[in-house]
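*Asks:* Quick one: the structure is below, questions incoming.
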Amino acid sequence: VGAAIALLSTTFGALLSLTGAWIASGALLSATFIIWALIQSELALWSTIVIFSLIPFGTMPFKFILTPTFLDITIATIYLVFFTQRLKSNRQPLVSTPAHIPIIIFILLSILSFILGTSNTSINPNLLRKFVGYILNISLALIIVDQVHNRLILTRIIKTIIVSGFAAAILGIALYIAPPNLSELSLNYLSVFNYPSGDVLRYIEDNPANPLRAIGTSVDPNIFGGLLAIVAALLVPQISTKNPIFKQRLTVVLMLIV
């Protein structure tokens, strides 16, 4: 731990002198998060859920070779934690399910299609980055099965999804009922994380004369609605189950808000 702190301090000082405060601070926070995630393996999963719920399109507020999104960092950390655990001598056997085979086949077909498609179009770094991210996101299903290997971890993950979705719903309601100018101003503050700015509110048929659509911080109302649908699908069974993960009354309140 002491060596890690010393290394982080030295690196932060070097970056601060060479690049500036934004990049140095971002690099320090990222490195701290990764080290913490290696100690607490569930942290990367929790962070991915929270970021996907509250700021899914946010990126680091600076450009240093690449501009990674917050999701890029947390998902990469999940992979790093997974492969680090695989290197341990006392590692557990890999957990697999019947769904692994079709997922792997789909991934291989996607890679083959991408390779064959390169003969018809030019490949630029942005397209390649998106495709790699696409493959990594699908492959994440294979890793999560191995990481969430007992009921206690599964319960904590479900709690994180529900609480994050509830927070997103509260934000969405607040932005929906607030005056449009205030909502737009609030959302424009997210432009520091490379969110769109300007006229960011969404209306039915994109016509300001029509009713406003709830978007929360998800930019798109369909993404926001999909998130709330997932959370609602997790909450509905909790209302009637004998052993809910939250108290019954709290579960009902969460469901009503979502």
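Numbering starts at 1 and runs along the chain as it is shown here.
Even glycines carry a Cβ here, placed using N, Cα and C.
Just so you know, TrEMBL annotations are computer predictions that nobody has curated.
According to TrEMBL, the protein carries these features:
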TRANSMEM  12-36  transmembrane segment
TRANSMEM  43-59  transmembrane segment
TRANSMEM  65-82  transmembrane segment
TRANSMEM  94-115  transmembrane segment
TRANSMEM  127-145  transmembrane segment
TRANSMEM  157-178  transmembrane segment
TRANSMEM  223-240  transmembrane segment
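Situate these features within the shown structure.
*Replies:* Only residues 6 or more beyond the boundaries of the transmembrane segment (43-59), in the same chain, are considered here, and those with a CB under 8 A from a CB of the stretch are 33, 36-37, 67-71, 74-75, 77-78, 80-81, 144, 147-148, 156-157, 160-161, 164-165, 167-168, 171, 190, 193-195, 217-219, 223, 227.
Long-range Cβ contacts of the transmembrane segment (94-115) within its own chain (Cβ-Cβ under 8 Å, at least 6 residues beyond either end) map to 131, 134-135, 138-139, 141-142, 145-146, 149.
Panel annotation: around the transmembrane segment (127-145), residues 45, 66, 72, 75-76, 78-79, 82, 95-97, 99-100, 103-104, 106-107, 110-111, 114 of the same chain, lying at least six beyond its termini, place a Cβ under 8 Å from a Cβ of the stretch.
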*Asks:* Checking distant contacts: for the transmembrane segment (223-240), what same-chain residues at least six beyond its ends satisfy Cβ-Cβ under 8 A?
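*Replies:* Contacts with the transmembrane segment (223-240): 52-53, 56, 158, 161-162, 165-166, 168-169, 172, 214-216, 246, 248, 251-252, 254-255, 258.
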